[in-house]
Amino acid sequence: MSTNTQWLASVQSLAEAQSLNACLPDMLDMKQPAKGALGALPLDVVSDIVRWNANRCLTSATIGDLPMQAPMIESAIHQMAKTGVDFVKVGLFGGDEQADCLQALTPFISQQNTPVIAVMFADRQYDNDVITQIVNTGFRGVMIDTADKNGQSLLDLWSTEALTEFVQKIKSADRLCGLAGALRLGDIATLRALQPDYLGFRSALCPERNRNGSLSAALAKSIAAALQ
Ligand SMILES: O=C[C@H](O)COP(=O)(O)O
(Lines of atoms letter the chains of each structure in order from A; the text may use other names.)
(Lines give C-alpha, C1' and ligand atoms only; values in the text may rest on other atoms or scores of the structure.)
Protein backbone atom coordinates (compact mmCIF):
# COMPACT_ATOMS: atom_id res chain seq x y z
CA MET A 1 0.00 0.00 0.00
CA SER A 2 1.27 3.46 -0.86
CA THR A 3 2.79 5.66 1.81
CA ASN A 4 2.51 8.86 -0.25
CA THR A 5 -0.85 10.52 -0.28
CA GLN A 6 -2.32 10.45 -3.78
CA TRP A 7 -5.25 12.34 -5.20
CA LEU A 8 -8.57 11.47 -6.69
CA ALA A 9 -10.60 13.69 -9.03
CA SER A 10 -14.32 13.11 -9.53
CA VAL A 11 -15.42 13.59 -13.13
CA GLN A 12 -18.95 13.48 -14.56
CA SER A 13 -18.30 12.92 -18.26
CA LEU A 14 -15.80 11.70 -20.81
CA ALA A 15 -15.18 15.33 -21.82
CA GLU A 16 -14.25 16.21 -18.24
CA ALA A 17 -11.91 13.24 -18.01
CA GLN A 18 -10.31 14.29 -21.29
CA SER A 19 -9.84 17.84 -19.99
CA LEU A 20 -7.51 16.31 -17.37
CA ASN A 21 -5.37 14.58 -19.99
CA ALA A 22 -2.32 16.72 -19.18
CA CYS A 23 -2.70 16.32 -15.41
CA LEU A 24 -4.36 13.00 -14.74
CA PRO A 25 -5.02 12.35 -11.07
CA ASP A 26 -3.83 9.15 -9.39
CA MET A 27 -7.46 8.00 -9.50
CA LEU A 28 -10.19 9.14 -11.88
CA ASP A 29 -13.42 8.83 -9.94
CA MET A 30 -16.67 8.78 -11.85
CA LYS A 31 -19.83 10.17 -10.38
CA GLN A 32 -22.78 12.38 -11.22
CA PRO A 33 -22.62 15.22 -8.67
CA ALA A 34 -26.12 16.50 -9.45
CA LYS A 35 -27.55 13.14 -8.34
CA GLY A 36 -26.26 13.20 -4.77
CA ALA A 37 -23.04 12.67 -2.86
CA LEU A 38 -22.43 9.38 -4.69
CA GLY A 39 -24.66 9.89 -7.74
CA ALA A 40 -24.00 7.17 -10.32
CA LEU A 41 -23.08 7.85 -13.94
CA PRO A 42 -24.69 5.76 -16.68
CA LEU A 43 -22.72 2.53 -17.21
CA ASP A 44 -21.87 3.37 -20.83
CA VAL A 45 -20.29 6.67 -19.76
CA VAL A 46 -18.16 4.84 -17.16
CA SER A 47 -17.13 2.25 -19.78
CA ASP A 48 -16.16 5.01 -22.23
CA ILE A 49 -14.00 6.76 -19.63
CA VAL A 50 -12.35 3.49 -18.58
CA ARG A 51 -11.58 2.71 -22.25
CA TRP A 52 -10.25 6.23 -22.94
CA ASN A 53 -8.09 6.17 -19.81
CA ALA A 54 -6.44 2.94 -20.95
CA ASN A 55 -4.96 2.18 -17.51
CA ARG A 56 -2.96 5.41 -17.33
CA CYS A 57 -4.30 5.95 -13.83
CA LEU A 58 -6.62 4.01 -11.53
CA THR A 59 -10.37 4.44 -11.89
CA SER A 60 -13.30 4.26 -9.50
CA ALA A 61 -17.05 4.70 -9.88
CA THR A 62 -19.94 5.18 -7.50
CA ILE A 63 -23.19 3.19 -7.63
CA GLY A 64 -25.55 5.95 -6.47
CA ASP A 65 -27.07 7.02 -3.17
CA LEU A 66 -28.82 3.68 -2.58
CA PRO A 67 -30.76 2.55 0.49
CA MET A 68 -29.00 0.00 2.72
CA GLN A 69 -30.60 -2.99 0.98
CA ALA A 70 -28.18 -5.78 0.08
CA PRO A 71 -29.86 -7.14 -3.11
CA MET A 72 -30.03 -3.66 -4.65
CA ILE A 73 -26.42 -2.85 -3.71
CA GLU A 74 -25.12 -6.20 -5.00
CA SER A 75 -26.83 -5.75 -8.33
CA ALA A 76 -25.45 -2.20 -8.72
CA ILE A 77 -21.89 -3.35 -7.82
CA HIS A 78 -22.18 -6.24 -10.29
CA GLN A 79 -23.25 -3.93 -13.13
CA MET A 80 -20.63 -1.30 -12.36
CA ALA A 81 -17.83 -3.86 -12.09
CA LYS A 82 -18.60 -4.96 -15.66
CA THR A 83 -17.43 -1.56 -16.96
CA GLY A 84 -13.83 -2.53 -16.12
CA VAL A 85 -13.43 0.13 -13.43
CA ASP A 86 -10.67 -0.61 -10.88
CA PHE A 87 -12.74 0.15 -7.75
CA VAL A 88 -16.47 0.38 -7.07
CA LYS A 89 -17.55 2.82 -4.33
CA VAL A 90 -20.58 2.13 -2.15
CA GLY A 91 -22.08 4.73 0.17
CA LEU A 92 -22.93 3.74 3.75
CA PHE A 93 -25.52 6.21 4.96
CA GLY A 94 -25.97 4.81 8.47
CA GLY A 95 -29.33 3.92 9.98
CA ASP A 96 -30.72 0.92 11.85
CA GLU A 97 -30.56 -1.42 8.88
CA GLN A 98 -26.88 -0.82 8.03
CA ALA A 99 -25.26 -3.47 10.26
CA ASP A 100 -27.59 -6.21 8.95
CA CYS A 101 -27.06 -5.02 5.41
CA LEU A 102 -23.26 -5.25 5.80
CA GLN A 103 -23.60 -8.76 7.17
CA ALA A 104 -25.80 -9.76 4.23
CA LEU A 105 -23.31 -8.23 1.77
CA THR A 106 -20.29 -10.07 3.21
CA PRO A 107 -20.25 -13.17 0.95
CA PHE A 108 -20.73 -11.04 -2.17
CA ILE A 109 -18.22 -8.28 -1.34
CA SER A 110 -15.52 -10.66 -0.15
CA GLN A 111 -15.73 -12.68 -3.39
CA GLN A 112 -15.74 -9.68 -5.76
CA ASN A 113 -12.86 -9.55 -8.24
CA THR A 114 -13.28 -5.79 -8.43
CA PRO A 115 -12.37 -4.30 -5.05
CA VAL A 116 -15.14 -2.38 -3.32
CA ILE A 117 -14.61 0.78 -1.27
CA ALA A 118 -17.02 1.80 1.52
CA VAL A 119 -17.79 5.51 1.69
CA MET A 120 -18.81 6.89 5.08
CA PHE A 121 -20.06 10.43 5.66
CA ALA A 122 -18.83 12.87 8.27
CA ASP A 123 -22.35 14.30 8.57
CA ARG A 124 -24.01 10.93 9.31
CA GLN A 125 -24.07 8.79 12.47
CA TYR A 126 -22.60 5.30 12.76
CA ASP A 127 -22.19 2.47 15.25
CA ASN A 128 -18.98 2.77 17.29
CA ASP A 129 -17.60 -0.37 15.67
CA VAL A 130 -18.51 0.59 12.10
CA ILE A 131 -14.90 0.33 10.84
CA THR A 132 -14.69 -3.25 12.18
CA GLN A 133 -18.01 -4.05 10.49
CA ILE A 134 -16.71 -2.60 7.20
CA VAL A 135 -13.44 -4.52 7.41
CA ASN A 136 -15.30 -7.77 8.21
CA THR A 137 -17.57 -7.24 5.19
CA GLY A 138 -14.54 -7.44 2.91
CA PHE A 139 -14.31 -3.87 1.64
CA ARG A 140 -10.84 -3.05 0.26
CA GLY A 141 -10.89 0.48 1.60
CA VAL A 142 -12.83 3.15 3.44
CA MET A 143 -13.33 6.73 2.40
CA ILE A 144 -14.92 9.50 4.41
CA ASP A 145 -16.82 12.20 2.54
CA THR A 146 -19.69 14.60 3.22
CA ALA A 147 -23.25 13.58 2.32
CA ASP A 148 -24.78 17.05 2.29
CA LYS A 149 -22.99 19.10 -0.30
CA ASN A 150 -23.84 22.41 1.33
CA GLY A 151 -20.34 23.87 1.60
CA GLN A 152 -19.51 22.29 4.96
CA SER A 153 -16.22 20.52 4.61
CA LEU A 154 -14.75 17.44 6.23
CA LEU A 155 -12.61 19.69 8.44
CA ASP A 156 -15.68 21.69 9.53
CA LEU A 157 -17.31 18.46 10.71
CA TRP A 158 -14.49 16.33 12.16
CA SER A 159 -11.50 17.36 14.24
CA THR A 160 -8.00 16.43 13.10
CA GLU A 161 -7.85 14.13 16.16
CA ALA A 162 -10.95 12.23 14.98
CA LEU A 163 -9.54 12.04 11.46
CA THR A 164 -6.17 10.82 12.74
CA GLU A 165 -7.91 8.00 14.62
CA PHE A 166 -10.00 7.17 11.53
CA VAL A 167 -6.94 6.93 9.26
CA GLN A 168 -4.99 4.88 11.79
CA LYS A 169 -7.81 2.39 12.36
CA ILE A 170 -8.21 1.78 8.63
CA LYS A 171 -4.51 1.57 7.86
CA SER A 172 -3.87 -0.77 10.76
CA ALA A 173 -6.52 -3.08 9.23
CA ASP A 174 -4.45 -2.93 6.01
CA ARG A 175 -7.21 -1.21 4.03
CA LEU A 176 -6.98 1.81 1.74
CA CYS A 177 -8.03 5.06 3.34
CA GLY A 178 -9.39 8.17 1.61
CA LEU A 179 -10.48 11.58 2.85
CA ALA A 180 -12.85 13.88 0.94
CA GLY A 181 -15.67 16.32 1.49
CA ALA A 182 -15.50 19.86 0.08
CA LEU A 183 -11.74 19.87 0.56
CA ARG A 184 -9.82 23.00 -0.40
CA LEU A 185 -6.31 23.49 -1.71
CA GLY A 186 -5.43 24.95 1.70
CA ASP A 187 -6.52 21.73 3.49
CA ILE A 188 -3.95 19.58 1.75
CA ALA A 189 -1.05 20.18 4.14
CA THR A 190 -3.18 19.44 7.21
CA LEU A 191 -4.74 16.30 5.78
CA ARG A 192 -1.63 14.96 4.10
CA ALA A 193 0.10 14.98 7.50
CA LEU A 194 -2.40 12.29 8.58
CA GLN A 195 -1.03 10.03 5.81
CA PRO A 196 -4.23 8.86 4.14
CA ASP A 197 -3.79 6.96 0.88
CA TYR A 198 -6.02 9.37 -1.04
CA LEU A 199 -7.45 12.86 -0.86
CA GLY A 200 -10.57 13.25 -3.01
CA PHE A 201 -11.71 16.41 -4.79
CA ARG A 202 -14.62 17.70 -6.83
CA SER A 203 -15.64 21.17 -5.57
CA ALA A 204 -12.03 22.38 -5.50
CA LEU A 205 -11.68 21.44 -9.18
CA CYS A 206 -14.66 23.53 -10.31
CA PRO A 207 -14.71 27.31 -10.83
CA GLU A 208 -16.48 29.02 -7.89
CA ARG A 209 -16.63 25.57 -6.24
CA ASN A 210 -19.74 24.80 -8.29
CA ARG A 211 -19.43 21.01 -8.14
CA ASN A 212 -22.36 20.46 -10.51
CA GLY A 213 -20.73 22.70 -13.10
CA SER A 214 -17.69 21.79 -15.13
CA LEU A 215 -14.18 21.05 -14.13
CA SER A 216 -11.14 23.30 -14.65
CA ALA A 217 -7.82 21.75 -15.67
CA ALA A 218 -6.00 24.75 -14.17
CA LEU A 219 -7.52 24.06 -10.75
CA ALA A 220 -6.66 20.37 -11.12
CA LYS A 221 -3.06 21.33 -11.86
CA SER A 222 -2.87 23.36 -8.62
CA ILE A 223 -4.12 20.37 -6.62
CA ALA A 224 -1.61 18.08 -8.36
CA ALA A 225 1.19 20.59 -7.70
CA ALA A 226 0.29 20.87 -3.99
CA LEU A 227 0.53 17.09 -3.67
CA GLN A 228 3.87 16.73 -5.46
O1 LIG B 1 -14.83 11.60 -3.92
C2 LIG B 1 -14.64 12.83 -3.79
C3 LIG B 1 -15.79 13.72 -3.95
O4 LIG B 1 -16.24 13.77 -5.26
C5 LIG B 1 -15.59 15.02 -3.30
O6 LIG B 1 -16.51 15.97 -3.73
P7 LIG B 1 -16.47 17.41 -3.04
O8 LIG B 1 -15.06 17.86 -3.03
O9 LIG B 1 -17.32 18.27 -3.92
O10 LIG B 1 -17.06 17.22 -1.71
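Cβ from N, Cα, C; glycine included.
Copied from TrEMBL, the annotated features are:
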ACT_SITE  LYS31  active site, schiff-base intermediate with substrate
ACT_SITE  LYS89  active site, proton acceptor
Original post:
What are the non-local neighbours of the residue listed as 'active site, schiff-base intermediate with substrate', defined as same-chain residues 6+ apart in sequence with CB under 8 A from its CB?
Top reply: SER10, VAL11, GLN12, LEU38, GLY39, ALA40, LEU41, ALA61, THR62, LYS89, ARG202
Original post:
Relative to the Cβ position of the residue listed as 'active site, proton acceptor', how many further Cβ atoms are located within 10 Å?
Top reply: 27
Original post:
DSSP on LYS89 (active site, proton acceptor), three-state: which is it?
Top reply: strand
